[in-house]
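Now, the feature entries from Swiss-Prot:
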- 4-10: disulfide bond (DISULFID)
- 3: 4-carboxyglutamate (MOD_RES)
- 6: D-tryptophan (MOD_RES)
- 10: cysteine amide (MOD_RES)
């Protein structure tokens, strides 16, 4: 995903 500031599996 592009929005990855909120999930730690990025």
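Any Cβ shown, glycine's included, is placed from N, Cα and C.
Quantities reported herein were computed from a predicted structural model and do not represent experimental measurements.
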Cα-Cα distance linking residue 10 (disulfide bond) and residue 3 (4-carboxyglutamate), given in Å to the nearest integer: 9
Residue 3 (4-carboxyglutamate) CB neighbourhood, other CB atoms within 10 A: 7
